[in-house]
């Protein structure tokens, strides 16, 4: 059901900065009248561009350009929407917005246009999020995945699961509410078979969603190690250009350096850090503190070791980084150990039986094996496997639904199977409906839409 907001909102819909064209968007009950007061005439033909002069409340010409109206409900937000398309100078656009506000509109909050579209059933929550993902896409693969989500591919998968659960709930709850009908859902095998099918389908969607999340977010990899282990050299080798300064002087890198690259369509967020050692230098100490802070936020830690150094146990971080024992004590993070400088030590490059990787960041030997390892541990199967984009909250919701379905299967043959199974099915449905926004807390909606652009 369409619901009209009491106020009219306005915002610049094009990117900040200078451009050939800039768009100011209005949405709400006064959108048409406010726009008419600016262009000096009634907006007669919906969805047709009209060339006009834009004037302020004193009648002074601010700019000239096109005006297009989209009366409710056939608009992006489901409300009356007007776009004023003028020249893309920031000052001109700011004056247009100020004129709209003076005429009765208010400045839109971040993501408020998309939020109104969601509340007016013009799109579900995954489609609304896909708009932001499409705008933020850093790779062709992530843009394609976001577009598929915007077109409803992810929503359709979730809705199919919900429909299957509703069918199961009807059958199970009928057996509970009408015992006189003698519906025996245990003996006929229907519920067990249907529940197993739904669980398998949910597991498949979860796998695809994980691929969609990887295409969207990628993996954050912190490169850590002692000074002069070759951390910055590895970052440069993976990036394909000199992102970091490399010298033979220990402690060259003193701050956190970031670079985003792609591994076959998967974003890899590289973080180069200061060499870990005891230092009296205040600046170096701050760099080391920041290195530990980045480790706590990373998806994976890559520990660089000079392959000429003797090692007792590559699986023991305290042996690899003895000076970091206290800081790493409670760090629960998957680790990849890389033995660098094979060109100097003479070691054969590639993966070792103990799980370490031998490389030469200087000449690139062993890097292909390391790249393949990073894709493997991330669970990335290739950009062709991501049919839609997904976020961490989607993964969490699908995991909750899967846990409820697995619990339901376990309840089938226990005492009070009907009541417990019905509760698990309700929990699974609730988790899935959080994805599309059928059941979503207001504070979650606020967090989601506040991350959008102002003009969306």
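Just so it is clear, glycine is given a Cβ too, placed from its N, Cα and C backbone atoms.
The following features are taken from Swiss-Prot:
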BINDING   25, 83, 122, 456  (6S)-5-formyl-5,6,7,8-tetrahydrofolate binding site
DOMAIN    218-379  domain 'TrmE-type G'
BINDING   228-233, 247-253, 272-275, 340-343  GTP binding site
BINDING   228, 247, 249, 252  K(+) binding site
BINDING   232, 253  Mg(2+) binding site
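Residue 122 ((6S)-5-formyl-5,6,7,8-tetrahydrofolate binding site) sits 49 Å from residue 231 (GTP binding site), taking the Cα positions as reference. Residue 231 (GTP binding site) and residue 83 ((6S)-5-formyl-5,6,7,8-tetrahydrofolate binding site) have their C-alpha atoms 50 Å apart, to the nearest angstrom. Note on residue 341 (GTP binding site): other Cβ atoms within 10 Å of its Cβ, all shown chains, come to 23.
Among the binding-site residues 25, 122, 231, the residue whose Cβ has the fewest other Cβ atoms within 10 Å is 122.
Inclusion criterion for the binding-site residues 25, 83, 274, 341: a C-alpha placed within 10 angstroms of the C-alpha of residue 232 (Mg(2+) binding site); this criterion is met by 274. Each residue contributes its Cα atom, and for residue 25 ((6S)-5-formyl-5,6,7,8-tetrahydrofolate binding site) and residue 228 (GTP binding site) those atoms are 54 Å apart. With respect to Cβ neighbours within 10 Å, the binding-site residues 228, 232 differ, and 228 shows the lowest count. Under the three-state DSSP scheme, residue 232 (Mg(2+) binding site) falls in the helix class. The secondary structure of residue 83 ((6S)-5-formyl-5,6,7,8-tetrahydrofolate binding site), as reduced to three states from DSSP, is extended strand.
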